[in-house]
Structure formats: structure tokens, C-alpha cells
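Colleague: Here you go, one structure.
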Amino acid sequence: MAGSTNHISIVTLNVNGLNSPIKRHRLVTWIKKTNPTICCLQETHLIGKDIHRLKVKGWEKIYHAHGPRKQAGVAILISNKIDFKTKLIKRDKEGHYILLKGTIHQQDITIINIYAPNNGAATFIKQILLKFKNQIDHNTIIMGDFNTPLSQLDRSSKQKLNKETIELNITINNLDLTDIYRIYQPSSMDNGFLYCQKKCSKYHGPLHIRHLRLWISLKTY
């Protein structure tokens with residue numbers, strides 16, 4: 001965050017459903033071991049009456065978007081160790097995204113957590129970015145399971161990127177968003193989540209995730 005000497009740690013994870021007590025226990029163990037400031041989850045598969053299942057001791061600020069069925073679902077958990085104050089929350093009624101705007105120790109931050117649907121993911125993400133373009137500034141972090149390759153390096157085949165993905169990349173560039181994974185792994189053929197999956201599997205079991213990314217905004221105005 002601009003002007004701050006403090007740092008925050010953020011993890012993002014597709015949990016592929018949290019209705020199983022065993023999976024919830026593994027998630028809690030993983031969060032406590034990783035000890036992030038902010039934890040973003042996709043595919044919680046929880047409905048309104050089940051939000052209490054997201055509770056993790058020490059991460060009791062919970063923001064969740066869900067639909068009417070046990071599908072999709074995104075959540076943001078924030079550590080009790082930081083002074084987070086909420087300014088704005090925007091939730092998708094189907095549980096595919098949540099926007100959270102607030103302050104951490106009086107520094108502005110905007111978090112957008114996205115779980116894109118399997119079909120039409122690139123167009124869906126583009127629509128979200130355009131919908132919230134006025135909320136995106138230099139303190140914005142966008143992350144999630146995007147379910148779509150953004151470049152040839154993300155693809156498992158040599159098939160060309162389609163028109164929708166090209167248009168999404170244009171939108172990303174126009175909003176001055178930067179893919180953190182590609183800064184540190186500019187030529188890797190793996191998608192952004194495989195590294196975490198290998199490292200975390202013993203705590204969380206098999207995960208169903210594709211093309212997970214974290215973007216930051218470089219806007220200075």
C-alpha cells in the first residue's frame with residue numbers, strides 16, 4: 001500500500017467446496033500455518049445459513065458472497081492482527097465475486113475476489129473489471145480462480161487465444177493491472193496455482209483449481 005512501511009501477506013485458494021468437516025479442518029490448519037493477513041477463497045459451495053463454517057480463530061472478519069445453491073461462493077478472511085475497517089462491500093448474487101473496500105491501519109485498500117464460471121470466463125471477468133473500473137485505484141488487488149488462460153504460456157496446447165481473451169487482456173492493460181505471477185515467473189509454462197497446489201496438498205488434499213491469478217493496479221491517479 002502506498003506510503004506504508006508495513007507489509008501484508010495475501011493468499012488465494014480454490015477450496016472446491018467446504019461442506020466436508022475434514023476439508024474445513026485441513027483449511028483451518030493450512031491458514032494457521034501460512035498465517036496470512038488476508039485469505040481469499042473460491043468455490044466455498046456454502047449458502048447463507050452455512051457461513052459460520054468459515055470461522056477460523058484469529059481470522060474472524062469474514063466477508064462472503066454466495067448464491068442460492070451450493071455452488072461457486074467466494075470469501076475474504078482478514079486477520080484480527082490488523083486494524084481493518086470496512087467502507088464498501090459489493091456481492092454477486094450468484095457467488096462469483098466480492099468487492100471489499102476498506103482501510104488497513106488507515107491506508108486504503110480494495111480487494112476483488114473472483115471465481116469465474118467455466119463457460120465464458122474471459123467475458124465474465126472483463127464485465128466485472130469494467131463494472132468496478134471506478135473502484136480500481138493504486139491500492140487495488142484483484143485475485144481469484146479465473147478459469148481461463150491469459151497468454152500462450154498459460155495454455156496446455158498451442159491453440160491461439162480466442163477473441164474474448166484478447167479483449168480481456170486489452171481491458172487489463174487499459175486499467176493498468178499487473179499480473180504478479182508473471183513478474184516473478186515471466187516464462188513459466190505452469191499456471192499460477194500449480195506451485196501452491198504442490199506445496200499445500202498435504203494440508204488441503206486434492207484441489208480443483210485452474211488459472212489462479214493475483215493482479216495489482218499501477219494507477220497513480
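Placement of Cβ uses the backbone N, Cα and C atoms for every residue, glycine included.
Just so you know, TrEMBL annotations never went through curation; they're auto-generated.
Below, the features straight out of TrEMBL:
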type    : residues                     : note
BINDING : ASN14, GLU43, ASP145, ASN147 : Mg(2+) binding site
DOMAIN  : 11-165                       : domain 'Endonuclease/exonuclease/phosphatase'
SITE    : ASN147                       : site 'Transition state stabilizer'
Colleague: Any idea which of the binding-site residues GLU43, ASP145 has the thinnest Cβ neighbourhood at 10 Å?
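Modeller: Among the binding-site residues GLU43, ASP145, the lowest count of other Cβ atoms within 10 Å belongs to GLU43.
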Colleague: So what's the mean pLDDT when you look at the domain 'Endonuclease/exonuclease/phosphatase' (11-165)?
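Modeller: In the predicted model, the domain 'Endonuclease/exonuclease/phosphatase' (11-165) has a mean pLDDT of 91.
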Colleague: Please compare the binding-site residues ASN14, ASN147 by how many other CB atoms fall within 10 Å of each one's CB, and tell me which has the fewest.
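Modeller: Among the binding-site residues ASN14, ASN147, the sparsest Cβ neighbourhood within 10 Å belongs to ASN147.
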